[in-house]
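Annotated in TrEMBL:
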- 5-80: domain 'TECR-like N-terminal' (DOMAIN)
- 155-308: domain '3-oxo-5-alpha-steroid 4-dehydrogenase C-terminal' (DOMAIN)
- 85-107: transmembrane segment (TRANSMEM)
- 166-184: transmembrane segment (TRANSMEM)
- 196-215: transmembrane segment (TRANSMEM)
- 235-250: transmembrane segment (TRANSMEM)
- 256-276: transmembrane segment (TRANSMEM)
């Protein structure tokens, strides 16, 4: 076979970092990352972005050298992504924080509200219910992180963890402060409003979990190849008929129901921000599906059936 020569340049300075001789044509980008790592131990594979063009997209691990638009002397560009952290660790940190932060306000610690009593309880049952639902949501997320999720990207930049934690932890504190405040007033329509919200909350949580399991099953054998997700026998997955990212649809539904349950303005604002962010993610994923699959179902919208 004809062996390849691979030249790796710095994406910014165009300075040659290494020259790999006699590389097999069927070598993957992952294997090239490992060769590069042997020469530069400080840049482990997860830190490396290998590109065909300095301003282009990173090549995927599974891409094969001879299938790339290069000659037998290939020029690739390297970019240092900085220190990385595993997605499982990221999610565990992000979701554990809100779980415990909420309890500080639920138990009305004296340093939070300045109360004379060491511990006090709310006279409104909905406050207890809100704590149960909030805790359930994040415990579910932690369980999914450990047992369900399969990540297409193994890591993310370490610097992003601070931004993500500020978002999740900060909002958890803001919501909990008002919901558990001594002056909190319960929903206007009482039990009817609360009961409706709880049923909606549980249905959305079940739907969200069902979608995550369905997506996980697409990569059961450890494959990172993207596939079109389709509805299964589980009725909660039938939303796939109409939207590309029903997990986001259910997630937004969860927070809408929590807003109705607590009738709290900060919760409503958090829900709005969640919806905006998840719509951006859903549109991006929807466009990726359309770009990669010519037979992608035409009826699907990114996040809201028939609308958005």
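Glycine residues also receive a Cβ, built from the backbone N, Cα and C atoms like all the rest.
Unlike curated entries, TrEMBL annotations are predicted automatically.
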The domain 'TECR-like N-terminal' (5-80) [mean pLDDT, rounded to integer]:
92
Using a Cβ cut-off of under 8 Å, list the residues of the same chain at least 6 residues beyond the transmembrane segment (85-107) that approach it.
119, 127, 131, 134-135, 138-139, 141-142, 145-146, 149, 151, 153-158, 160-161, 164-165, 168-169, 171-173, 175-177, 179-180
Reported in the order helix, strand, coil, what are the DSSP residue counts of the domain 'TECR-like N-terminal' (5-80)?
17 helix, 29 strand, 30 coil
